[in-house]
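Comments concern the structure below.
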């Protein structure tokens, strides 16, 4: 079953797009917003000596697992719709392709795509124009969750479970990617897509955790701005796709 799904023409483009989104987001947004969390976890692991890196891996694994579970749930809801990701990525660029997608898509799917594109564009521009200016996309961590996570970081225990808890922290970028999984087609696409997103931003977050506070403020600012430009570019591309589909549906 797994082999047949991986050979599905929709799988590879979907996973690549979600992985790239995670990678681009990590260059600025994740470094700014999640950097303090991984730094705190890194500092809590100092007492564990040379094997601390394995605990960092488990910390990241927990976060990716939560993303996959959430993606599977949202993808299951999206499975009732008909828009397929491989068409979404490529067909708009081919003659007659946009008409084919527009005919198969529910109107709400295109509006979700439009909203995701606008939000990613605004977030990217805010990141590029000012340090931590993308905070308008974030939400305060609920007090009970904040207290529980603080205790976990202090103890430095159960890194996988703590990472899964980290995956529940409110995050605008994660919410946008979860909306994106509505296009995935089914729960498997949703789960795999969000796992790919989590793996895309894992290398930078893992590096930040291992380096703890060694990264200078100047480098953080540079990463934030570069990442913002790239996130805005991807948001603009998604927005362009949505506008094309709306135009075609309007002509139908």
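Every residue gets a Cβ built from N, Cα and C, even glycine.
Taken from TrEMBL, the feature transmembrane segment covers 12-43, 64-81, 110-131, 152-178, 190-210, 222-240. The annotation domain 'Urease accessory protein UreH-like transmembrane' is assigned in TrEMBL to 18-237.
At the 8 Å Cβ threshold, with sequence separation of at least 6, the transmembrane segment (110-131) comes into contact with the transmembrane segment (222-240) through 3 or more pairs. Remote same-chain partners of the transmembrane segment (64-81), defined as residues 6 or more beyond its termini with a Cβ less than 8 Å from a stretch Cβ, comprise 105-106, 109, 160, 163-168, 174, 177-179, 181-195, 197-199, 202.
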